[in-house]
Amino acid sequence: MPNSRNHCSLEFLGRYGLGVLVTAVWLGRTGGCPCQLHPEPPPASLPQTSKKLVNSVAGCADDALAGLVACNPSLQLLQGHRVALRSDLDSLKGRVALLSGGGSGHEPAHAGFIGKGMLTGVIAGAVFTSPAVGSILAAIRAVAQAGTVGTLLIVKNYTGDRLNFGLAREQARAEGIPVEMVVVGDDSAFTVLKKAGRRGLCGTVLIHKVAGALAEAGVGLEEITDRVSVVAKAMGTLGVSLSSCSVPGSKPTFELAADEVELGLGKLVTPWMAPADEIVALMLDHMTSSSNASHVPVQPGSSVVLMVNNLGGLSFLELGIIADAAVRSLEGRGVKIARALVGTFMSALEMPGISLTLLLVDEPLLKLIDAETTASAWPNMAKVWVTGRKRSRAAPTEPLAAPDSTAAAGRASKQTVLVLERVCTTLLGLEEHLNALDRAAGDGDCGSTHSRAARAIQGWLKEGPPPASPAQLLSKLSFLLLEKMGGSSGALYGLFLTAAAQPLKAKTDLPAWSAAMDAGLAAMQKYGKAAPGDRTMLDSLWAAGQELQAWRSPGANLLQILTKAVKSAEAAAEATKNMEAGAGRASYISSARLDQPDPGAVAAAAILRAILEVLQSQGV
């Protein structure tokens, strides 16, 4: 059996030593290997065997490789071996073949990087286990028989991989097949290098790319070997994990407390998880420190390729945050980022964590990185520098409304301010009450959402007088709430106000205001999919809207009809406590738990009441 203890270090990429930062080392803590391929049992307190979507533990590596080949017409399996090869081997006649591989569980490495311009083939071992010598030799023979002029083995620096690939190489050379081997060690964890050297990590994928571009260009075996050996010395990788992964059929291999992450081969205690910016800065500090024997000699003015690699279980949201932090941190140090690769390139099953790789580049090397490839796992990356690129554009300006300086407009503007201030005061006073109502049917933030809108309106009013034009006023309020209020309430109010503004562009009499109410309600129903009786804010507004139809009659009295509308809205809001929710978050809650009025309906009725009270006080 190969030395899997050395080989399997990759899946615990987030656990490399960091000198004084390391407070515990796995082997000293448990006496066992993280991959659990050795007889020492894990601590009894660890969880039971993790659930996996596999057919069998023994066959999972074969099934995974078969699935990749089945869905990729450019790949073929080598019968009798866990080997995947390019299906167009005959097209490589006269060129150098590139073979790599290692334990399964690091997908998409390595088979995802087979293709024109990258690898010719891959030899896969069982999960976190070096591939068999016989399979490596079979792959070498297969590419040789296809007419290639030599084979380069690209091997990660683990004892099992070095031994097995090395043995296969010697046997192939004894058969007269030209074979060279490059051992990649890009681990930047250790401050003092040991005899075993730096381990091979995600940077190996960049070596696949560079070697593949050279082979595709027809470069010879010896030159490719020499050039990629130089490139391999100009890069480094470091990772961090939030928890462990688990080999199929085994239990998770370690546990971390809420204030711990694994940085390198040791446990780093952080104050309830340090922010991503701080963790990334710590990683880059160590990777580039000259006191670290395995550092990357990156200095201000250096140009690099950055890889942000998902170790398997990190969300895309977190991956984006880490990528942003890495770019900002590097550029803040004066480092120029030529390319940034963000994704899953070399995983450790489902481990939630990331690794960062830095490769020093010049223009000739960058051309090799940019060279075309058909490998499925290589990203479709723009050939544009990250540093120096404009990453944002100015937001479009809103059309300027013609100022209205008439005396009537001034009075209307002052009245509008009074109405809006009363609405804001009302909503702020209802914050806790609305939140309490919302806890039974939603996430308890209805009051907070409306208060956020109220504060946004208050801030807007301090900037200057609101537009006198009703259409412009409603449009401005719509944009403000859509931007500041948030949640579905912000979207619904925004829809309502945007639609309500349209009838008021031509006229502003009472029939126009009634039409505005109808237009707003129609928009809310169209996009919110709610109807009267669904226990939503629409119930209050709909009841008011029905009363406001009377504004369309000749000689209609504004305040009398508005008073009836407000009372109807309040009654409708109270009636929602007896309704079964048909829309919104509350529709997912059992009706037996809904014995209070809908908070959105209560808020809408309160807004109408505030408007009425100001107009009454002004004697409109």
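Cβ coordinates come from backbone N, Cα and C, glycine included.
Remember, TrEMBL labels are computer predictions, not curated facts.
Positions annotated as substrate binding site by TrEMBL: Gly103, Ser104, Gly105, His106, Lys156, Asp161. Annotated domain 'DhaK' per TrEMBL: 56-378, in sequence order. The annotation domain 'DhaL' is assigned in TrEMBL to 414-613.
The domain 'DhaL' (414-613) scores a mean pLDDT of 91 in the predicted structure. Looking at His106, Lys156, the binding-site residues in this record, the fewest other C-beta atoms within 10 angstroms of the C-beta turn up around His106.
Other Cβ atoms within 10 Å of the Cβ of Gly105 (substrate binding site), summed over all protein chains shown, number 28. Residues Gly103, Ser104, Gly105, His106, Lys156, Asp161, recorded as contacting substrate, have a largest CA-CA distance of 15 Å. Long-range Cβ proximity for Ser104 (substrate binding site), meaning a same-chain Cβ under 8 A and a gap of 6 or more residues, is found for Cys60, Ala61, Ala64, Leu65, Ala124, Gly125, Ala126, Val127, Phe128, Thr129.
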